[in-house]
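Student: First, the structure itself, so that you have it in front of you.
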């Protein structure tokens, strides 16, 4: 017979008791499932002190493109809308986006869910989204989303110079879109620091995508705008998922307590110092919804002869027409017959 500890009262240990301790479920504490994480692709969420250290406060200028006013109610009302493909080009664009989305989801461990019950089932699996995984996902998304507008504006700028004629306001809207997406990225970079591997993959992905998009836009700009329209549909879906998880107490504790950087309150001027991370996400989702509307609309137009209807409303008509606000918006784009061009 043996005693377990020298300081406690002697406890008799027999082979039967050892077997009982080993196999009795009542004596064992079940292990807690932890979500599977891959640190090499994660983004470290910065503390307020770390964020201040990397602030570049020299030569600060006002945003080149002033952000339109979005009310809280308008931002909350944004939701996923899908444009049904009508042409072969539409179907190719949609299938292309779906393929890229599924591949990216598989690599980064993301699964879109439609209910809280499905969300609960993801706990402890590689598909569960954490604060770091969310920040990695949106940083990668914004690094790619800022490419199409700038590439398209550059090509149309050269086209205008070469033909020595006006572009009819397409360039301004495309530059505004690229600027807006870059502001999304710069804001997220003030909140988190991506890992070295994430940065490397980001650079490779951006380089490949930018070159492919450049040549595709020269060949078929209509297809490219439809492609971006479907890309923005997925962006709205992603941010809707994130906004929902931010309403669940304790689900994303680090993001819940994030203090918005100054760049956010300067650009989205409705945001205040005490605004939440979710308030920021709702504004970014609204931006993506607007890009969805713009690109689906531009894809419906004659790429060479028709004007950009978002730049100016024809005062001769009183019926609804597109603009840069959320007061009169169509998520799947404006049809050509509804526009005064």
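For all residues, glycine too, the Cβ spot is worked out from N, Cα and C.
A TrEMBL annotation is a machine prediction, not a hand-curated record.
Since we're looking at a predicted model, the values are computed, not measured.
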Student: Where TrEMBL shows 181, 184, 288 binding Fe cation 1, which of 142, 254, 256 is named for the same site?
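Tutor: Checking 142, 254, 256 against TrEMBL: the Fe cation 1 site match is 142.
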Student: To which of the residue ranges 134-155, 156-177, 222-243, 266-287 does TrEMBL assign the term transmembrane segment?
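Tutor: Here TrEMBL associates transmembrane segment with the stretch 134-155.
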Student: Quick check on the annotations: TrEMBL lists transmembrane segment for one of 80-99, 100-119, 200-219. Which range is it?
Tutor: 200-219
Student: Give me the count of other Cβ atoms within 10 A of the Cβ belonging to residue 184 (Fe cation 1 binding site).
Tutor: 25
Student: Between residue 291 (Fe cation 2 binding site) and residue 181 (Fe cation 1 binding site), what C-alpha distance do you get in Å?
Tutor: 10
Student: Tell me the Cα distance separating residue 232 (Fe cation 2 binding site) from residue 184 (Fe cation 1 binding site), rounded to the nearest angstrom.
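Tutor: Given the Cα positions, residue 184 (Fe cation 1 binding site) is 14 Å from residue 232 (Fe cation 2 binding site).
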Student: Using C-alpha positions only, work out which of the binding-site residues 142, 181, 288 is nearest to residue 232 (Fe cation 2 binding site).
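Tutor: Nearest candidate: 288.
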Student: Would you list the other residues of this chain near Fe cation 1 - those whose C-beta lies within 8 angstroms of the C-beta centroid of 142, 181, 184, 288 - in sequence order?
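Tutor: Here the nearby residues are 138, 141, 145, 146, 180, 182, 183, 185, 235, 284, 287, 291.
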Student: Can you name the residues of this chain that are 6 or more positions from residue 181 (Fe cation 1 binding site) yet have a C-beta less than 8 Å from its C-beta?
Tutor: 142, 145, 146, 149, 287, 291
Student: Fewest other C-beta atoms within 10 angstroms of its own C-beta: which of the binding-site residues 142, 232, 288 fits that?
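Tutor: Minimum Cβ neighbour count within 10 Å, taken over the binding-site residues 142, 232, 288, occurs at 142.
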